[in-house]
Amino acid sequence: MEEQRDKSASGFEMHKVLGPFDLIMLGIGCIIGAGVFVLTGVAAAKYSGPGVVLSYGLSALTAMLTAFCYAEYAAELPVAGGAFNYISMTYGEFAAWVTACDLILEYTLSAAAVAKGFTSYTAALIGVNVKYLRLQASVFTLDLPAAAAVVAMSFILMRSTAESSVFNVIVSGLNVVLILFVLGAGFPHVNSDNYSDFMPFGLRGVFTGASVVFFSFIGFDTVATAAEEVKNPGRDLPIGIVGSLSICTVLYVAMCLVITGMESYKTIDLNAPFAVAFSKVGWSWAQRVVAAGALTGIITSLLGSLLGQARIYVTLGRQALAPAWLARVHPVRGTPGNATIITMFTAGFLALFIDIELLAELVSIGTLVVFCSVCSGVLFRRYHVHGSGESLRPLAWRLGGIVLSSVGFSVAFTEEAPIAVYVWFALPCPRFSLPTSSPALQVFRCPGSPFLPSLGMLATLHLIGSLGWPAYVRWIVWFVLGTSVYLCYGVHKAQVRSGRGQRGPGGR
């Protein structure tokens, strides 16, 4: 079995220790970061007003569409690597390599950026200026606490998956408790009059706000990368992915209701909305609680990013697209030590030296490209049986039509021409006349096909369209660099591996 051959390339298998509760807490820890205490206020003040509740609802719906597609893939292919393996199985090796490059953007850069936030909120918690925690060395500012956080979380991950899961459950639980405290303390100070002007920027403001806050939901895909360490992946992975996203949505909406109810959206502070709101009601000490909540979110987000990146390296090593020693699993601990060490050094270096804010949009576009690919992959596999000999042309036309109409929707939204919505809805309809592939062993299937996966493509492409040109240019540069590495190294090593009969999923 190809799946077993992939695992055997690591020498030892990872330990299956994760259950549904562990996966839900992993998802919550990866999704809820420090941004929940800042981004809710920013979106309300600048884009949506109290209607930011609707913005979060739309973003949650978009994320859920993608989550359903991830859940279908994860239940069928429970090996480390997440989206890399899904795209490899569907579109082949090169598309999977591009996906891996995008996942490196998502996990490594996100880990470094989150670690930078660790320093800022540590300073806020202990009441000192952040400049005292960072060292100015000639042209560089050395962020030692950020690098130390990366190293500490990496060592926790290398000990064992079971121990790191317990640590994550404790810290994520503390994060949820602190959020509930903020909600409980804030609700008595809510003034319903602040909701009277519910959508001051109109429906367009709600949609713009949704584009901004969508990135608060990124992180659920990390659950899929840990599939190989799940006890019952067919049942537990969909529960972990969808369950964590649902819980985070409820918490986000509640946070929106509190911050927009405590004060008018016109007076919300953009830098520290909750801390300032509490200080206005005489609770200045609550700033420390907010900082503590942000720190717990940062720690779990960092842990999840490092875990996800290490599993991607393991898969690349198994597929011979990276050195084979990256795939090695510790015989006793059952963790990918080599891959975790490489992740620690790359993320730690970036956190120590680099201003990650310059690359923030690059993380966004890379993640969205992966999400869109997973949604399209579910449609492709649902309506094309691999090895059947059927022509791909009809399906390719339909998938291409969805992509083009989604891009048209994004442009039409900007130019206020909503007729494109009707065109988009008409395109998926002919697919009902096509036979669907229904593997007998598949445990979970994305509901509502073809509309839900198509909506997922529409939403992610629309969000890509909302990014600026610098993001597109940087992504193209990254794509060219990644393709060059593949052509110079990966494709040759993979061909050697294929010749030995060790090809992994999706190898063609």
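Placed from the backbone N, Cα and C atoms, the Cβ positions cover glycine too.
Since the structure is predicted, the reported quantities are computational estimates derived from the model, not experimental observations.
Sequence annotations record features per position, and here TrEMBL assigns transmembrane segment to 21-45, 51-73, 135-158, 165-187, 207-227, 239-260, 289-314, 335-356, 362-383, 395-413, 475-492. If you look up TrEMBL, you'll see 444-493 marked as domain 'Cationic amino acid transporter C-terminal'.
The transmembrane segment (289-314) is in contact with the transmembrane segment (21-45), judged by 3+ CB-CB distances under 8 Å for residue pairs 6 or more apart in sequence. When each of 21-45, 335-356, 362-383 is scored by its Cβ pairs under 8 Å to the transmembrane segment (135-158), the top-ranked stretch turns out to be 335-356. Helix, strand and coil content of the domain 'Cationic amino acid transporter C-terminal' (444-493), in residues and according to DSSP, is 40 helix, 0 strand, 10 coil.
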